[in-house]
4 protein chains.
Amino acid sequence: MERRRVGILGATGMVGQRFIQLLSNHPWFEIAWLAASDRSAGKTYAEACRWKLDTPLPKRIAAMTLQPNVPEGSAIELPKIIFAALDADIARELEPKFAAAGCAVISNSSAFRMTADVPLVVPEVNADHLALLETQSWRKEHGGRGGYIVTNPNCSAIGLVLALKPLEERFGIESLFVSTMQAVSGAGYPGVASLDILGNVVPFIKNEEEKLQEEVGKLLGRLSGAKVEILDAKVSAHCNRVAVEDGHTECVSIKLKKKATREEILAAWSEFLPLEGQHLPTAPEQPVEYDEGVDRPQPRLDRMRGHGMAATVGRLRECTLLDWKFVVLSHNTIRGAAGAAVLNAEVLALLGKLDKLGVPLEKFSARAVAVTA
Amino acid sequence: MERRRVGILGATGMVGQRFIQLLSNHPWFEIAWLAASDRSAGKTYAEACRWKLDTPLPKRIAAMTLQPNVPEGSAIELPKIIFAALDADIARELEPKFAAAGCAVISNSSAFRMTADVPLVVPEVNADHLALLETQSWRKEHGGRGGYIVTNPNCSAIGLVLALKPLEERFGIESLFVSTMQAVSGAGYPGVASLDILGNVVPFIKNEEEKLQEEVGKLLGRLSGAKVEILDAKVSAHCNRVAVEDGHTECVSIKLKKKATREEILAAWSEFLPLEGQHLPTAPEQPVEYDEGVDRPQPRLDRMRGHGMAATVGRLRECTLLDWKFVVLSHNTIRGAAGAAVLNAEVLALLGKLDKLGVPLEKFSARAVAVTA
Amino acid sequence: MERRRVGILGATGMVGQRFIQLLSNHPWFEIAWLAASDRSAGKTYAEACRWKLDTPLPKRIAAMTLQPNVPEGSAIELPKIIFAALDADIARELEPKFAAAGCAVISNSSAFRMTADVPLVVPEVNADHLALLETQSWRKEHGGRGGYIVTNPNCSAIGLVLALKPLEERFGIESLFVSTMQAVSGAGYPGVASLDILGNVVPFIKNEEEKLQEEVGKLLGRLSGAKVEILDAKVSAHCNRVAVEDGHTECVSIKLKKKATREEILAAWSEFLPLEGQHLPTAPEQPVEYDEGVDRPQPRLDRMRGHGMAATVGRLRECTLLDWKFVVLSHNTIRGAAGAAVLNAEVLALLGKLDKLGVPLEKFSARAVAVTA
Amino acid sequence: MERRRVGILGATGMVGQRFIQLLSNHPWFEIAWLAASDRSAGKTYAEACRWKLDTPLPKRIAAMTLQPNVPEGSAIELPKIIFAALDADIARELEPKFAAAGCAVISNSSAFRMTADVPLVVPEVNADHLALLETQSWRKEHGGRGGYIVTNPNCSAIGLVLALKPLEERFGIESLFVSTMQAVSGAGYPGVASLDILGNVVPFIKNEEEKLQEEVGKLLGRLSGAKVEILDAKVSAHCNRVAVEDGHTECVSIKLKKKATREEILAAWSEFLPLEGQHLPTAPEQPVEYDEGVDRPQPRLDRMRGHGMAATVGRLRECTLLDWKFVVLSHNTIRGAAGAAVLNAEVLALLGKLDKLGVPLEKFSARAVAVTA
């Protein structure tokens, strides 16, 4: 099978580097186009990037020339599939341009996550929300050329909703607390100053508690016609930065609508296999793994489960205030960012939504959204 | 004024070292006797101890000979005031022996904290609970010779109750959620292995959640006759270890019995000065300091406030689930351990309860417990 | 090809865990026998071990029962190939027993490294030293049953000699200064206390400077008849522990016997391919990789090069005092311990020295030692 | 005694904050003027600064208004004593302006350290070099109004020269290696990114090895007439950044001109008391403290000796290559920066060189430089 050409916007940042790491040997996609800031255009990737991952920068990528970060003016043909790892302000300006140019923009930015007609998707949780694409404004407004924007959630929300979805399905969620201990890579590079985090905790991450609280509601919301009904559950988040390189750890207390036993909850997690049999390259075999160890999950030991795409849950115990307590962990720049977007792209491919991009809308005939969580 | 002779049990451990640091220039107390494990008896303190603090080990202390860790057989006269920094199992065996021998045992151990007739005290919070001493069993059973045991709470409970007490007094507490990020020094030395905590979080500390939940109830409980009525509030704790040397950070969500505005809460904290005017050497001027910074408190920056004896509170904001959220921080081996015990001893001195130790009970006439929080 | 059965002594420690990680999918070897301390015998591996690696403990291994750590009394047949990850004191007692029982003991311990008839080997550097096995005392004394002990160097010596060997070959080494910054995993588990290393440096590792200094001399020594002539070069080592999980970084200044240009040195490293074409599964393609980055090598970014088996060198520059300065880095528990031993075993297999083990000596006919660095 | 008014240039950076911490209760100096970047002028100090120290920002300072960072245009009278904590590029431009305006500029910058007529001084080491001020160009060129620039060395050089000076005096130094492990605070704020240093070592600090090598030569050089003869000793430096907040640790191997025994070296250090009896407020009682512990000095335990102004030496042992090896440690932002400058100012005050500033040169009659190391 021929691999589809893809591009990466914001290719030199921490999430951009993860995109390159995850896509450089991808069986379905081939990196054909890279862009970073204006300043970088014309440089090779190796010149413009301080590579910070512990696998080598692939030589082919190192030699690629960075293109202007707009749909026009590329020295090489613009791919129709664009992974975007941009800061929110820049995403707000650039992503619509690429969508208008007929591209499928698979975005990791927060800019449009809460926009009504933009799907905010974790494939195991709410792939059905991709139906929003049928009526998304960018596709209509710009000559209906098949472009659109799809987003994945904030890094602190993804692991959490993976753990919550099986509980919501079986028991319903009434309310929850979540207190996070987040890795520094979530802030990008240079991001958190070492003087701020060595031997320290910073109990504040700008806008993070708000994002976490609202994104959970949309992700667990129900698609109703052409819109998502936000889940009516109270979510209270406390977000903290800790001296961890990768991996967000979250302490959760939860109240369910219907009482559940420990065994029922463990079964809900272990039987949560919504993508089973779909053969998506990036999907973990078991999206939610429960670890029986008394002191697990831990970021250094568990973040790479499922090649960094699984959420690990542990310490399920009764809560004196709500019903149950547990700890959930996931890798923030793989599952929580680049890997999430790649998995979104794989689902889009499966659904036929990466075909007929850039052609007039009437010719776009995606298969019905068949994958549901 | 002559200084009172005091002894330290468990003098070589992390908390024992803090006792030495805090007591070696204390205006009221003079270190006259040191003991550690059986194995150490007969060695000098310098030989037996790996000093881990960043102030020098005082030369006089370095040269002192460690005594057997029992009331008998000392080469020097046993002081009547004993600070105890022992593991719970050892404390359970040794502390009653010293109490029976007529000593005031000022204990940092968890062994007897929840025993009905043992005061669990933070002076600013519940100094009145010291009245339990009048009828404490050790004083009666062993010939009524004036000995007793007084305890301070777990390191994770002290900072929290300092922040809670002003709220309980003015508004009443219905329930609360607390998620901690605790320093490694809380586990003693060698304690937490570096391989477990570098670049990591361990979301488990043995028995810590249980201790934190139950101690808060006793500390905020009301003295009624000769017993403490445990506060009837639901407390749900998540305890985590993080890569911080000193200082426990805690995220709190709280529901009050009576609604309170932000201003009322801030006023409750700033006006909380229960020991004002008592001139206790170790008492901080302002036990609860509120910091307006968006990202405070932080362990590295705030743990030494009030010479390590103040609790710093920050980030007061509304909670979507209960009423209010905030962060509280305190130094776990000063305010949370050795300093707490020293302050307990100072209050005992103020109340006359360090006089007449070791003499038959009928001659013991403590002043009424006048200091109330 | 059928895989050879192997056993692991000291299987639950940090290096033992690395053995399991590296051997559990090894094409030539199959883990058939595990032992740890006396106390662990009879338990399953999962019960006895706190698994600290970030890849999952293989299920087959988890279920294996730990055997007594002596050659006799195993419930299963003792393999003839034993990887040993023991503390020196225990190794000194146990390893000869296994050798005497006819086993090839591939040891990571320091116990016999400097023993005259025990090969201390890094395959790329001095595989020819394996000829010492022909006359090793254990083979002779115990009925000549083919058993022997082979050792690999200290974790801080391996990366260094990989960088030094190409220079010794081409230019000769007169003297060198090396200052190490070593990872905590080198001290095993629990090993270094977090209170000792968080935000800290410990400029001392027991016996490490001595080991590093003497092992370099033997590794770079010349085999002459049945003995190794220690290299006559002055080595001065400073060893330090830093807050790094894995990867030893070493600053080197070196004086060569024959002057060399920068280009000649870089060529010596890049052309150093002594195992090329031997197809050893664990051998890195390029044993010494030079990185042109101004601030490389770094443990977090470079330790996994060559699957953790390559040494990375950087910052070659002139020395004001000797001739040249550079920095070398290698993974201390892979290249510096378990991986080193596995590579030794692969070379032994290649040389036929894993055949005919446990049979009388006269039947043992190893091929001549053909692999030379 | 009335305190002298002083100003601080670069007051909001890491070293600027240390100046404020060290000067806000200084018996001889009073902070009267603060400046930071152009952008900050007009703001209060509290508005412009992210205070990163663990002692509270003094309220008086918090409320002070930042002035323009030039000698003119201040809303308040410009003090004649200016402490400067500027980046080298900015220092090169601004410091001469203040000197020309008649100020004594006590600089921590590298801009003019190696300028022939600028004293590079550590008071215990080479206070006599202050005689260079008599003929310094700024005093002559700008109307001879008494202004000048005095510098202290790089943070990595100060601790080292304190340990070296007693050896140079008694035995002479022929050559030395030094390998540093430097704290992140040395890079200022935000400085080193947490992603670069957590669980990592960076074996490179821009220009640091060069500075360290050349500054040692000037500091230990001999004043001869109106110039300093650089010490003719070979110094080879390896500089590394490690995950330590404060405190630079340095491994040294040294060759002396005259052989010395261990006892002679220890005596040289313990008897090194060049400022004894001068009663300088910031001078440590014992500038070089030797610690007998096998694993000392360590940054977390020893950096605050002498209130952060002492250098701690340990692990004196023979070197196989040169003569002796040892480890030296000092606090990089106190002894290595702000404290060094404050001590320089105290010596200048003692010598009368802070009198008659800003007046024509002929009226400036400093006492002869009497303090010599």
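Glycine is treated like the rest: Cβ placed from N, Cα and C.
No curator has checked TrEMBL annotations; they are predicted automatically.
What TrEMBL records for this protein:
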type     : residues : note
DOMAIN   : B:5-133  : domain 'Semialdehyde dehydrogenase NAD-binding'
ACT_SITE : B:C155   : active site, acyl-thioester intermediate
ACT_SITE : B:H248   : active site, proton acceptor
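DSSP assigns B:C155 (active site, acyl-thioester intermediate) to a helix in the three-state reduction. Distance from the CA of B:C155 (active site, acyl-thioester intermediate) to the CA of the residue listed as 'active site, proton acceptor' is 8 Å.
Comparing the active-site residues B:C155, B:H248 on other C-beta atoms within 10 angstroms of each C-beta gives the minimum for B:C155. Secondary structure of the domain 'Semialdehyde dehydrogenase NAD-binding' (B:5-133) per DSSP (helix as H, G, I; strand as E, B; remaining residues coil): 45 helix, 24 strand, 60 coil. Here the domain 'Semialdehyde dehydrogenase NAD-binding' (B:5-133) has a mean pLDDT of 95 out of 100. Secondary structure at B:H248 (active site, proton acceptor), as computed by DSSP, is strand.
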